[in-house]
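Let me begin by presenting the structure, written as structure tokens, before commenting on it.
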């Protein structure tokens with residue numbers, strides 16, 4: 001009698017940075033190696049109404065920012081929240097959830113937790129406890145994924161042996177079959193009429209290059225914004241921290257090269273950084289690539305080709321420009337699968353053995369020490385294994401994509417028409433093995449000369465800080481570069497005060513830094529607005545309160561200054577004021593929230609539990625906003 005054929009295991013993922021996609025693809029590969037049929041989809045490719053007809057579903061979802069849902073999951077999540085869905089809607093569906101997050105953030109793995117709960121509320125049966133990957137773990141999210149995945153196969157086999165027709169132990173680790181790469185690359189003659197003149201590139205041509213190259217990337221959907229909102233040029237760059245103090249913070253001003261720019265205070269600017277030309281050349285040489293070649297890149301599978309909106313009419317692009325605009329060769333670290341694929345193309349036996357070890361569960365911790373901990377780049381890894389000759393198709397698929405970098409805008413468009421300002425900490429650090437590392441985008445911006453007309457591709461989008469109404473009282477907490485968006489808030493309030501007969505509402509601003517003389521960012525700006533009836537002045541019912549953590553024996557932080565001003569804070573909260581918090585995600589947001597809980601309890605005469613509920617309602621009512629970054 002023929003065995004019942006099982007429906008494929010469905011794996012659905014939602015990713016923002018690519019980690020959840022990596023984890024989902026690894027689950028898919030490991031299932032297939034065990035003979036288990038698999039279907040893999042991004043949540044925005046799967047219609048949620050089909051969920052009840054699925055027997056076994058694995059969800060892999062990341063949490064972004066302050067507990068935010070990845071963009072690709074938003075439509076799916078909204079569907080699940082419909083009240084018309086019954087508590088038996090998923091009674092025939094069994095599921096498991098693996099989340100990716102960072103325990104340094106307040107709402108650690110919030111998306112995975114709420115998804116797990118909602119699926120259970122709709123009648124779904126969890127076949128095992130959700131897994132929670134943590135970026136803070138010594139091995140990153142894989143520290144939780146490896147044991148969770150091992151338990152998953154056992155659980156699935158016990159629930160449905162037909163998923164593994166050859167048995168659970170049929171996995172043979174020495175099957176040396178490498179999958180096909182997911183992309184096809186067509187090479188065209190460099191003299192086939194595609195080459196551009198050596199004249200300076202115009203904005204329209206640059207825009208086409210960016211759209212063409214970035215829309216070729218696998219995983220780019222046709223609705224993704226490959227096309228920049230505008231092009232900027234830097235017009236001003238100056239340090240706002242004291243030289244030699246251990247921090248390098250710059251104020252950058254940009255003007256639009258495109259006709260207009262549109263944004264509001266509180267918005268975020270994303271920049272596509274340039275890469276080091278020497279590093280790109282070294283990568284081309286190491287991989288034996290002809291920089292003058294013209295190529296087209298498209299997904300190997302026809303359904304991906306159509307879904308990604310990639311079409312041949314986009315035209316070819318120079319190979320070197322494709323690398324420069326899409327492949328992060330000298331900043332980001334490769335994933336574990338990169339090392340597994342490298343092992344197939346290593347001709348030296350000792351290199352092959354080491355790469356296979358790195359790709360194995362036993363080598364996970366050593367790989368983390370070698371790769372992630374040291375932040376080794378793709379170029380460095382390839383140079384460490386000189387016998388490896390990887391086809392360009394695999395390099396395109398596995399090299400981390402060159403990502404835009406997001407910055408809180410620190411200007412008001414009312415005050416600076418056709419300009420946008422940023423407050424940027426120039427990132428640098430030393431690895432455990434004393435390698436000097438620098439942040440790609442911040443250091444690239446720091447090297448730009450405002451006298452040169454460098455075109456900077458840029459995108460505007462909404463962040464977590466909505467532009468406030470001028471009549472809304474504000475309590476702003478922005479230590480360090482967290483003050484950036486609030487510079488724009490204060491500029492705009494001051495502008496409206498001058499231009500309108502209606503006075504604006506008061507602002508309490510709490511700033512923090514280490515030393516008054518080293519890193520009191522925009523000191524003169526804040527003081528000018530706190531005097532002579534300015535928007536931060538006492539006469540306006542406002543106030544500027546600064547905490548210098550290292551200028552006295554005991555450390556003083558913004559939450560200490562908040563407690564000192566608890567009466568004023570409670571007064572603004574009682575008048576319907578809104579709270580905005582921006583800055584480091586480490587301890588600051590939770591310390592500030594704890595201070596607010598104390599203030600509400602003491603000044604409002606309520607219990608700690610009641611104050612927590614009150615602040616939760618404030619957040620739900622859109623009056624408690626946090627924008628934090630690692």
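Note that Cβ sites are derived from N, Cα and C of the backbone, with glycine treated the same way.
Curation does not apply to TrEMBL; its annotations are automatic.
Marked as FMN binding site by TrEMBL: 15, 16, 17, 18, 19, 20, 62, 63, 64, 65, 135. Annotated FAD binding site per TrEMBL: 375, 405, 406, 407, 408, 439, 440, 441, 442, 629, in sequence order. For 481, 549, 550, 555, 556, 557, 558, 559, 591, the entry in TrEMBL reads NADP(+) binding site. The domain 'Flavodoxin-like' annotation in TrEMBL covers 9-153. Annotation source TrEMBL lists domain 'FAD-binding FR-type' at 227-473.
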Mean pLDDT for the domain 'Flavodoxin-like' (9-153), rounded to an integer?
92
Counting only residues 6+ away in sequence within the same chain, which have a CB under 8 Å from the CB of residue 406 (FAD binding site)?
268, 269, 270, 463
Take the C-alpha atoms of residue 62 (FMN binding site) and residue 375 (FAD binding site) and report the distance between them in angstrom, rounded.
21
Given the binding-site residues 15, 17, 408, 442, find the one whose Cα is closest in space to the Cα of residue 556 (NADP(+) binding site).
408
Listed FMN-binding residues 15, 16, 17, 18, 19, 20, 62, 63, 64, 65, 135 - what's their greatest C-alpha to C-alpha distance in Å?
15
Least buried by Cβ count (within 10 Å) of the binding-site residues 17, 62, 408:
17
Considering each pair of residues in 481, 549, 550, 555, 556, 557, 558, 559, 591, all listed as binding NADP(+), report the largest CA to CA distance in Å, no decimals.
19
Near-site residues: FMN, ref 15, 16, 17, 18, 19, 20, 62, 63, 64, 65, 135, CB cutoff 8 A to centroid:
70, 100, 101
How big is the gap, in Å, between the Cα of residue 481 (NADP(+) binding site) and that of residue 17 (FMN binding site), rounded to a whole number?
23
For residue 15 (FMN binding site), identify the closest of the binding-site residues 375, 442, 550, judging by Cα separation.
375
